[in-house]
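As annotated by TrEMBL, substrate binding site applies to A:Leu28, A:Asp70, A:Glu75, A:Asp76, A:Arg95, A:Arg142, A:Val265. Under the heading active site, proton donor, TrEMBL lists A:His170. Feature annotation from TrEMBL assigns active site, nucleophile to A:Cys271.
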Amino acid sequence: MTALTAPFGRFTHSVVRAIPASFGEGALRTCSAQVDLAAALREHEHYVAVLKHRLGLQVVELPADESLPDCVFVEDAAVVCGDTALVTRPGAPSRRKETEAMKQALQELNLNIVEMDDDSATLDGGDVLFTGREFFVGLSTRTNQRGAEILADAFKDYTVSPVPVLDGLHLKSFCSMAGPDLIAIGSSEPAQKAFKVMQQMSDHRYDKLTVSDDIAANCVYMNLPDKGHVLLYCTSEEYPESAKVFEKLKDYTLIPVSNSEKVKVDGALTCCSVFINKKLEN
Amino acid sequence: MTTEVGSETEVKKEPEKAEEQSPAPEQDAQAPAAEPKAEAELPCGETAPPGGDGDAQPKAASPEKERKQKEPSAGKGISRFLPPWLKRQKSQSQAEPREAEKENQEKVDEQQQPGQESAPKSPVSEAKEAPGEELKSDDKDDKHSIGSADTQPAKEEKGDESLERSADVKEKEESKCEEKKEEGETPKPDSGTEKPLLKAAKKMKTVMCHVTLLDGSQFPCEVEKRAKGHFLFFKVCEHLNLLEKDYFGLSYKDAADQKCWLDPAKEIKRQIRNSPWQFAFNVKFYPPDPSQLTEDITRYLLCLQLRQDIASGRLPCSFVTHSLLGSYTLQAELGDYDPSEHRLEYLSDFQFAPTQTKEMEEKVVELHKNHRGMTPAQADAQFLENAKKLSMYGVDLHHAKDSEGVDIMLGVCANGLLVYKDRLRINRFAWPKILKISYKRSNFYIKIRPGETEQFESSVGFKLPNHRSAKRLWKVCVEHHTFFRLVTPEQPPKARFLTLGSKFRYSGRTQAQTRQASSLIDRPAPYFERTSSKRVSRSLDGAPVVSVSDQALRGDSSVAGDKENGREPALELSSDSKSKLRVQGENIYVRHSNLMLEDLDKTQEDVLKHQASISELKRSFMESTPEPRPDQWDKRLTASPATSLRLQAQGSAEDKQRSGTGEQAEVEIEETVVIKEVKKAPKTKDVAPEVVVGAAVAEEAKKEKEGEAEEKEDKRPGGGEASSSSDSHSESEEEAEYHPQVSSVSVDQIKEEPEEEEPKQEAPPPGADPIASAAPPRAREERGAASEGAADEEAHNGHTETRQGLVSVEEDEEEEEEEEEEEEPRLNGDVSRTETERLPQVICCSEPPVVKTEMVTISDTFAAQKTEISTKEVPIVHTETKTITYEAAQLDGAGDSEPGVLMTAQTITSESLCTTTTTHITKTLKGGLSETRIEKRIVITGDSDIDHDQALAQAIKEAKEQHPDMSVTRVVVHKETELAEEGED
């Protein structure tokens, strides 16, 4: 019911995971870049602090696992919608074990756990965009058709439409929800094309918030009881043009969050947490 | 066809007949009249006209009459409320006896009342004796006193049962009609008596239909062998006491075990062929927003359908949703959670999911606890609010393969066509994107509007398993497109009379229309039992444990089998050319048409001439039209093929098509075009012969293209019958096309429409008119059902007057039913029944918008000579006209094809301040039955200061009050406004 009745973006909990020391060297990346581990740690600490203190979410912090350099990107390990959590089978073999800790955490949160036990299926949570009305799933290097099907199976209430990801790591590498029915989308051609596909597939008309930088289109939207619309978005230092666009949003609590290190390994803002809406025990 | 009961009934009948021989005919007569009433009422929002007041009808003093009159008078206040309930009861009773026989469930009831047997014989007396009491009790029932409900109904049922048995078995349509009437107006016992009487009249072969209702119960219904789908559908709706019936349909399984929708406009027998007369009542069009439904009973039925859909797996849900929906189901069916009473076992009767786990049941219970205090209606509403969000809600899936042979599913829904591969939606074609839908053999094609960047339209083809499935999909698409996307059915504007061979079109009301119609529903919320409550009550009685509720909820699976087709509607005989499209029912059909012509009695030749003239007219009009109408106008209107044609003809000069939302598509008709309007011609008498010219014109245009086929059809002898005739082309058709024409009215607009469109708005600005169908600037003429002989061409014809509003209210009551067996020769060799005549309730709402061009007046459809066609040279009349016609549904049985003999006719005119009322009364005798038809023309003249809506309402009200015994079969509102402005061209 929560899924069906709660306002879009209403979350109570967040699952995050610490950055392992192996992050700097071992994290997968699409382009070679040197990561400043210390800076990354600071960044992440700030990120978690925002969730925990600024927004008052119940943050479940999973310990880092050195054998899993990418483990900080918890989003890829699970897709949570309503009371159902799909524990994924990440596309990168090296990341498959990340789901173990995630699964356990989600179980402890009393979610209905669905696992992908099909060995041919791969799905990264970063390819899953939930709009509040339906799912779009990027078919990317990390997510395949079968994974998308299992996603659809897990969330039967919703339409699941695949979207080819022509460029970028994940679907959400260039888009995300910036509000109810508002999709933030990068200005690149592949991003715009993807948006068109989404629009074509949907019975609903989404508003589009185009930002100049694809990666900056990845923001974190929440609708919190006492704060209303909340948006974590890129800082103006990193993406000045894009930041300006976000800053025009009215009636939002805008929280710029720095992500300069994690982005080097294709980590975006949404990547570092799994949001959950747990109704208070009733 | 008789049923098991046959023998018994026979016996009983005999005596009864003897007793009441004399009254019988009268009753028969009443029946037909009654139906119209019920239907007619809708438009006005009144449920049951007070029966007692006027016995305007010249009826013999038969026991029935007495009853009727008495009854109403006895409990006038109550009587208003009774009808629905009684109806329901009645129908139930019908159903029940059958069940009882089969299941013995009802035996208990029967036994309880020993008197039953005798009852039938002296039903009248009973009725007389305690009509008041019964009414009261009924009333109580309505008001939910469970206790009384349990007992009372039972009694009544018993009586009915016995009666019905006798009657039921061999009842014909007419008898049913009577029943309806009776039900509406009198307590059941009466009906019982009537039935027997009816029997005498029956000579038709009847068949017992078994309809599986949404609650899993069976509704046996006897119909004439040649009955059309809508007859059965009406009976079912009546049984259910359902008014918002346009969302529903009857399905059956064809020889291939595929679920098909029963086409209301076609004969049942021709559709089911050799399949058993077994049907399922299902939701056909899932309303996207159930909260907009007017009545709780409609929502309840939708809930039942969805529960089936969910339990069968057709509507996939997550665990959580299954649980939530299940909890609402419990709340609706059982009320507040009661720990002492509701242990887990109580769930075993319910099926919340295809596979129901203990865990789920626990969750359901947990959630159920949260709904404390929620009424059943609220729980249903919540159920629907959640269910409607499900991604597969209202999606009708069809197996197919894409061009590469990959298995996919095509889903037809309110918004368009969806393509699924496995569970993923891989494509979506919104209706506005689709230019054409067609099928050829087993291939199904859609032509897509070019995108922003594309230059050419593209076609997408899918391979269906076979020809039939392709056709079925095509039909479903056509229907869904029409229902959800158009404001008015796109059929050849011919309105009800025209059908295209393979060009099947949806004939019912569109969602916009049905919403509008339902907004007029004004009856006390009907009482209805939810399945479990029924069960509970029975068990209390000590009745058989077989609870309906169990069956209903759990029986989904079993039922589900049948109902699956709910999702795969395939209208089989789409091509039925002549069937009237208008099918459904009693409610109001609102139609927009350009011109409405009335046809009086015409001969075939006349019809042909007429058509020819129309085509001529059309052509000349098109050519001559100096100015295309305003874009908006066009955009909106387009719903009718005619429009599209016209647009095409005009060339894209205006570009309206695109401009208007770009939604408009052209309609091409390739195959046979059948013109239905012909149908009424000869017999007109009972039914309002009105022909929408606009449509006709459109047709003509098409005809020109296609030529011959039509001619055949036109030739049908009995114009009236033509409609009913069945063309067999349809079946053989291998292909068909449909160009979804969306009036530029966008979906949003459509939604708004219902509310905005009130029967009589002032002439809207040209563009604003939603209905602007191709209606060329011609004055539209309507006539109420013409009394036969008297083809009046009264004020209607010349619309040029400055009248602001012309309202004609016709009431007609038939005193006697015509003989059922009349057959009308058709070209096809088909024998049509009288039913056809009765137009299905059609409400025509045509608002030819502002007519600023030349005025063409066609006074008489059939009489070509009468038609005035003014083209270029004609004086330009600046007028705005708007015509809205409400026509009560008429059941098949009622219609008669034979021209009757005019017995009397009188015209009375009275004037008051700003209204002129012309009352035209005709009595006709045909086939030994007499019919009195009163046609009132009320001309309201004045300037815009007058509240025409109010005036109309008043007029209708008065008419009804004056003739309480009559039923309003048609209300035509014609508005003309003379434009003060300067002329344009």
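Placement of Cβ uses the backbone N, Cα and C atoms for every residue, glycine included.
Those TrEMBL annotations? Automatic predictions, nothing curated.
Residue annotation for substrate gives A:Leu28, A:Asp70, A:Glu75, A:Asp76, A:Arg95, A:Arg142, A:Val265. The furthest Cα pair among them is separated by 15 Å. Comparing Cβ neighbour counts within 10 Å across the recorded positions A:Leu28, A:Val265, A:Cys271, the minimum falls on A:Leu28. Using the Cβ center of A:Leu28, A:Asp70, A:Glu75, A:Asp76, A:Arg95, A:Arg142, A:Val265 for substrate, the list of other same-chain residues with Cβ within 8 Å runs, in sequence order, A:Ala27, A:Phe73, A:Pro90, A:Ala92, A:Glu98, A:Asp124, A:Gly126, A:Leu169, A:Asp266, A:Gly267, A:Cys271. Each residue contributes its Cα atom, and for A:Asp70 (substrate binding site) and A:Cys271 (active site, nucleophile) those atoms are 10 Å apart.
Rounded to the nearest whole angstrom, the C-alpha distance between A:Arg142 (substrate binding site) and the residue listed as 'active site, nucleophile' is 14. According to DSSP, A:Leu28 (substrate binding site) sits in a coil region rather than a helix or strand. Using A:Cys271 (active site, nucleophile) as the reference Cα, a 10 A cut-off selects none from the binding-site residues A:Leu28, A:Arg95, A:Val265.
Sequence-distant neighbours of A:Arg95 (substrate binding site) (same chain, 6+ apart, CB under 8 A from its CB) are A:Leu28, A:Leu68, A:Asp70, A:Cys71, A:Asp76, A:Ala77. Under DSSP, A:Val265 (substrate binding site) is assigned to a helix (H, G or I) in the three-state scheme. Rounded to the nearest whole angstrom, the C-alpha distance between A:Glu75 (substrate binding site) and A:His170 (active site, proton donor) is 11.
Secondary structure from DSSP puts A:Asp70 (substrate binding site) in coil.
Cβ neighbour density within 10 Å is lowest for A:Arg142 among the recorded positions A:Arg142, A:His170. The residue listed as 'active site, proton donor' and A:Val265 (substrate binding site) have their C-alpha atoms 12 Å apart, to the nearest angstrom.
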